[in-house]
Amino acid sequence: MTAAEPLVLGIETSCDETGIGIVRGRRLLSNTIASSMAEHARYGGVVPEVAARAHLEALQPAIEAAVAEAGIALGDLDAVAVTSGPGLAGALMVGVGAAKALAVSLDKPLYAVNHLVGHIAADILTGDDVEYPTVALLVSGGHTSLLLVRDLVSDVEMLGETMDDAAGEAFDKIARILGLPYPGGPEIDRAAATGDPQAIRFPRGLSRASDLAAHRYDFSFSGLKTAVARWIEQREAAGEPVPVADVAASFREAVVDVLVTKALDACAQHGVPRLLLGGGVIANRRLREVALERAAAAGVAVRIPPLSLCTDNGAMIAALAAELIASGAAPSRLAFGADSTLPVTEIQVR
Amino acid sequence: MILGIDTSIGTAVAIIADDGAVLAEIVSADARGHAEVIGDLIVGALVEVRRRTGAGARITAVAAGMGPGPFTGLRVGIAAANAFALGRGVPLVPVASHDAAALARVTRLAAPSGAASVGAAPVEGEPVAIVTDARRRELAVSVYRVEGGLPVRIEGPRLVERASTELLDLFGEPASALPETTAISAVALARIALARLRAGEPLGELEPLYLRAPDVTLPATPKKVGS
Ligand SMILES: [Zn+2]
């Protein structure tokens, strides 16, 4: 294989998107995604068994579509890559089983990689030169993590993560309380458009001085959720109408404020003038707006890959493996499993 | 050559020749860890074929055990079989795992790694039950009749409560007293695929035999949290 520009197929099944990506080095050839989101809508959240069933159904068509789009044959591949974790165990296992058999079938090396680091690797595919170190804020329905990336393939540190709900989950839950459909992110955004973000002062989780000592970069959204629910209940009990737009805007502001504040605090403390955003919640317009505005004021450069590379996808997994290969990393041994709590320091499962 | 993969109980991998002869058979009885072992087991089977024949395995079809079995493990084998077939550009043949167990039983196929085949020698025309654990105090049951020395499925697979007496008429015993199959033969699985390919039968849908709807707890209407 061409170590500098390996042709890699990446398989991602950690949550509800079946992602198949194909890259040649840092060039994106295909980013095929089959989502089971619609199937989860009536449950108001991702149901692991529904997601796992959907992955099994979606894998072959997604691989075929990706290969066709990339204009390659499976036999041309230099390597196969797969998400080993973190994520939903049953969902991950579908991808791991498929990736192992595909690699063995093609007699190609297999790279088992970390999903969170994959989100960071997605930025490479934008074609710009990526500079490290960078702070990375990854926000989705499955995770809310603040990372310090000194080197993509060898040095990623978890600065903090959510202690309870992921930010995306918080959006889903508040949407439900407000009677809005799933997924909550875009719905809250829509409802908030005409609302006043300063109308209600909802709590910022883990932001008090007493919290910062132990949880400077950690997040918590369950208190916020409770506060919003209580505020609505009190309104209803008093027989007053619930100002949905104001509640949505104020809730969103609380989430965005704490995310951006902590991310920029990490940049300042570590002397890193770069912030990378990733994860599906980056689709939230207000989050991007506030991040860009406040980062500019703080002299921090913000990178936001296109949304198709921010949400869970296989291209980022392929991209990370391609970087590992270029750095001379040996393939993973075939005995690895799905690790739902894989630590971010384990960039590749050997 | 046909590669058979089943993860409905443990993990079973086998490769048979075009005349049905066993070229390689490797199993892991572990009822967990399917995702961990699947790759090495397939490699092991391919290596064994090379050792025995002096050449790389020319797999012409892959047989996938479709269950029933615990969902998470079951999917690993189906995903692997599917991906292997895709990689080699060969057909994938879905086979009910119980069918393989029935064939192994009726043809007295030696079970791998010394595990005794289950139950009395089947008699022509008599019913045979394949019973596997389905968790939640239930069993997955398929009923076969032996015709011309081969099992023909006449019922199932379906779920039966362990305490149920509904199989009493047919077998003189309640479901819970019937011998439980504890390993699936990937050799039998591959032989069924071989026969189906030979007969030119349609290969069927790649639909796992879950027998149960996904386990979902619908979120309750938002609970009151206030005072
Ligand atoms: Zn993700």
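In case you wondered, yes, glycine gets a Cβ from its N, Cα and C as well.
The substrate site in TrEMBL is built from A:Leu138, A:Val139, A:Ser140, A:Gly141, A:Gly142, A:Gly185, A:Asp189, A:Asn284 plus one of A:Asp128, A:Asp151, A:Asp155, A:Asp172, namely A:Asp172.
Checked against A:Asp312 (Fe cation binding site), the binding-site residues A:Leu138, A:Ser140, A:Asn284 differ in C-alpha distance, with A:Ser140 being the nearest.
Long-range Cβ contacts of A:Gly142 (substrate binding site) within its own chain (separation 6+, distance under 8 Å): A:Ser14, A:Cys15, A:Val46, A:Gly87, A:Leu88, A:Ala166, A:Gly168, A:Asp312. A Cβ within 8 Å of the Cβ centre of A:His115, A:His119, A:Asp312, the residues given for Fe cation, is found for these other residues of the same chain: A:Glu12, A:Ser14, A:Cys15, A:Thr83, A:Gly87, A:Leu116, A:Gly118, A:Leu138, A:Ser140, A:Gly142, A:His143, A:Gly278, A:Gly279, A:Asn313, A:Met316, A:Ile317. A:Asn284 (substrate binding site) sits 17 Å from A:His119 (Fe cation binding site), counting Cα to Cα. Taking A:Ser140, A:Gly185, A:Asn284, A:Asp312 as the candidate binding-site residues, the subset whose CB lies under 6 angstroms from any atom of ligand 1 consists of A:Ser140, A:Asp312.
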